[in-house]
Amino acid sequence: MSNKDILLPLYFIPKKSKFAINEKKFLIFLLTGTLITSVIIFINLPSTNSLSKQDLSHLFLPKFNNSYKFNRNRPKQQEKVIEVDSGNDIPKYVVEPDSNKENDHKNSLRRDKIKNMTLHAWNSYKKYAWGKNELKPLSRTFHQTGIFGSGSDLGATIVDSLDTLHIMGLHDEVKLATDWIRKNFNININSQISAFEVNIRFIGGFLAIYALTDEKFYLDKAVEIADALMPIFNTPTGIPYALVNPISKAVHNYNWAAGSCSILSEVGTFSLEFQYLSDLTGNKIYQEKIDKIYDHLKKNKNANGLYYNYINPNNGRYCGSQASIGGLADSFYEYLLKLWLYKNKSDKELLDMYLDSIDALKSHVYLKSKSNLGYFGEYSGNFVNKKMGHLACFAGGLFGLTAIKVDELNEEKRNMYKEMAVDITNSCHESYIRTKTHLGPESFGFEPDREAMALDRYYILRPEVIESYFYLWRITKDEKYRDWAWDAAEALEKYCKTENGYSGIKDVNSPDPQKDDVQQSFFIAETLKYLYLIFSEDDLIPFDKFVFNTEAHPFRIKA
């Protein structure tokens, strides 16, 4: 098609038709129309003595909003003009509908819905539990849990939500949260706290909002908390304890953990935050703590290649022979890869440790069901329980990230990890859609006649399945992952929303489930953040510039 053919993009009468017109007459007609239009525009201009380029620019130039930190201004896709059959000898030209524009509009509406869900959760917390750790939406009061200390007012939901609010452009809420932190936050409480939970939610939360804003106040808070946790590392092996009292410096492990040993997921989930802290502050003490942990683990790998779930901090020996990629172990494997990514792929020993560990998991713990659903079971002394936890569903995203980021993989291995990523995510999706609520159980099992069946049937607003949808969407661009995420969002609205926030439910297979009356801090920090990002463009927290900690807090990758 020539330039002349698209002069009038919606219709055009060619010279060869019986409707042909004299070219000179047409040119005069066109120029006259242009002159009249110019006069009308001039008459309607605002009255002023002098018109600058700025005064006139609004008539001709598109307006862009440059207020947000991430560049959201993409050039518009050029409309496609096509010829269609008009039913006679006159060709007709129309603008072809742009399916991308329709998708953009749909995703914009979905993104707005997720933002409104976030505001409902946040405003309810503000109204009934401000300054406390979490909300009880049915009781319209605050929820206290032992992991943040007995009777403490650390504002877990405030700190955990900071970067989500910022990413969604809710800057007034970020300011309100920051003002509370300036006036009230103090980690030095006379109570036992979980070092792991405080690290991923508080240190992670402060480091993420620092990464997005460069406001040193947030970095200072992260340092303050890390220093309060340091007594946990004072062991003969460097393997940390689980609990610490910031005032007395007393440290303990959980009584319920095997032999009162340390938990692998907790042992291995300081590395990303502490390495980032050392790089930002220049203080190597944080890096030294995690280096000592990894040095010990490298020397004490089992013959079968597995890292067991419990380890004694005093002698460094494993306590029992349980292994999994779910709760008790999950983020240990996650941080091996993500610390390597954060270091800009510069630590080969770390990568080797990661690849060896996931190969061992695949060999000993990864199973396929009768209908070919892939899942991770739970290993215990050469026996594998055919049960997968919701927490393990993050692995779909982990293996997807492995496939696209590890250049050292050969084609066979790369395809294997891609397939595992897709299969695991699909199995976790099945655990959702096979329940009456379309929300996933805490754990699900596999038997020959029943697959992905709910075992522990409660759902506490967990993010891991949606997290894998997010990674697989970005990696594959398969629209089904957005559709699955939206189905989960609608289920959250239907079964978890209350008048005053969101609550977990006690039975995903009940058509009218009883609620547990807790709005977890990770609901805004993770679940809603991943939902929002799924329906956003990839340049909002891009994979080549950021890596997420296990609480979905983005850290800027080291240059």
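Placement of Cβ uses the backbone N, Cα and C atoms for every residue, glycine included.
Under the heading active site, proton donor, TrEMBL lists Glu197, Asp330, Glu442. What TrEMBL lists as active site is Glu464. What TrEMBL lists as Ca(2+) binding site is Thr550. The disulfide bond annotation in TrEMBL covers Cys393-Cys428. Residues annotated as transmembrane segment in TrEMBL: 26-45.
Comparing Cα positions, Glu197 (active site, proton donor) lies closest to Asp330 out of the recorded positions Asp330, Cys393, Glu442, Glu464. In sequence order, Asp330 are the recorded positions from Asp330, Cys393, Cys428, Glu442 with a C-alpha within 10 Å of the C-alpha of Thr550 (Ca(2+) binding site).
Listed active-site residues: Asp330, Glu442; maximum Cβ neighbour count within 10 Å falls on Asp330. Of the disulfide-bonded residues Cys393, Cys428, Cys393 has the largest number of other Cβ atoms within 10 Å of its own Cβ. Within its own chain, the residue listed as 'active site' has His390, Leu391, Ala392, Cys393, Phe394, Cys428 as residues 6 or more apart in sequence whose C-beta sits under 8 angstroms from its own.
It is Thr550 that, of the recorded positions Glu197, Thr550, has its Cβ surrounded by the most other Cβ atoms within 10 Å.
Cα of Asp330 (active site, proton donor) to Cα of Glu442 (active site, proton donor): a distance of 15 Å.
The secondary structure of Thr550 (Ca(2+) binding site), as reduced to three states from DSSP, is coil rather than helix or strand. In this structure, Glu197 (active site, proton donor) is part of a helix by DSSP. In the three-state DSSP reading, Glu442 (active site, proton donor) counts as coil.
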